[in-house]
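J.: Feature table excerpt (Swiss-Prot):
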BINDING   233, 234, 235, 287, 387  L-serine binding site
BINDING   264, 265, 266, 280, 351, 352, 353, 354  ATP binding site
């Protein structure tokens, strides 16, 4: 959520941010209505202050007349009328306040200055690592290879839960566990993250705090009677760990990692490639979350991204890092890097991580603050997160990129101690 002072004093900054995202046409009316409501709020406050001053004066005059033994009936009636006007003005002010706050929830974050303008076609490759394997007919797509190896059971996953749900069996289940342990060990032992194990269901306040609600409520799986929601990512519960709390500056940066299942209805995914593990409703992921001092948050983003890249290097998967254009940057993010691996069996680059800086956008919604020094006024932290990494597409890439001429699949050296073997055959 934005600082309401932007709306009051720097509306042009908000308009420019929405323009860079390609959202000005869509959200221009929201800004116009918010500006109108803010003007109405200011008018109500001005009138309210005038009426409060008048009431105070009338109250004093009533006291003086009574003290002098004079009739104050007319003044008392006037005071009551003023009180009714004050009540009405307070209601107008409160209604305008609530409406403006609701509209602020509809506005995405403002992209940082170095984020390129445009849609996804303007995403910029900032670096690459490794050499992607050239697709050829001998490389079996991961869905066929996984089923042939007895690792994936797509049909029974669909029978149990519907399309987009996967059953991992035998070595497939072991591979998921191996990936989890390897990633968590690297992030906790090498990168200094605190491991957390968080609930898979959260309340509305948590989803609102990270920016998932109200904008993307249709994408969430809901437990309606309890008003709880399955998490789309561990970002939601981990970011909300310190909701409505004040940290000391010395505690920053705070670093958390968490493994979790993730649930997404993908309501807007019709027509996209959903074969195999490419687009599913439930998947596993290790998430990194940071609370940072605003002065160092850009450096924190670069560090977090490099830590996600470490996993891809250990898995020996060639990848590229994209700086997302403003129109492709997520709702809450001010700057995002996507990590993509190449899957030669399907001939596509697959996103396996998004590493984002949210500035104080989430912190304002969740009221997460820090105190710069003793006695100073609390300020909002900057939040960051990144997938490190999402398992389903990683498994797809492993099965395709490390596929051998004899049909076996080589297990990367760093993963072998966790998986217990060097080859899948």
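Count begins at 1; order follows the chain as displayed.
Just so you know, glycine gets a Cβ as well, placed from its N, Cα and C.
Could you tell me the structural context for the features on the list?
T.: DSSP assigns residue 287 (L-serine binding site) to a strand. Annotation for residue 287 (L-serine binding site): same-chain Cβ neighbours under 8 Å, separated by at least 6 residues, are 233, 234, 235, 238, 257, 258, 259, 260, 385, 386, 387, 388.
Within 10 Å of the C-beta of residue 264 (ATP binding site) we count 20 further C-beta atoms, all protein chains included.
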J.: Let me check the 10 A CB neighbour count of residue 353 (ATP binding site). How many other CB atoms are there?
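T.: Total other Cβ atoms inside 10 Å, all chains included: 28.
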J.: Centre the Cβ atoms of 233, 234, 235, 287, 387, go out 8 Å, and tell me which other residues of that chain have a Cβ in range of the L-serine site.
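T.: Near the L-serine site, the remaining chain residues are 236, 238, 258, 260, 262, 285, 286, 288, 289, 385, 386.
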J.: Take the Cβ of residue 266 (ATP binding site) and count every other Cβ within 10 Å, whichever protein chain it belongs to.
T.: 14
J.: Return the residues near residue 354 (ATP binding site) by Cβ distance under 8 Å, restricted to its own chain and a separation of at least 6 in sequence.
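T.: Non-local contacts for residue 354 (ATP binding site): 330, 336, 337, 338, 339, 386, 387.
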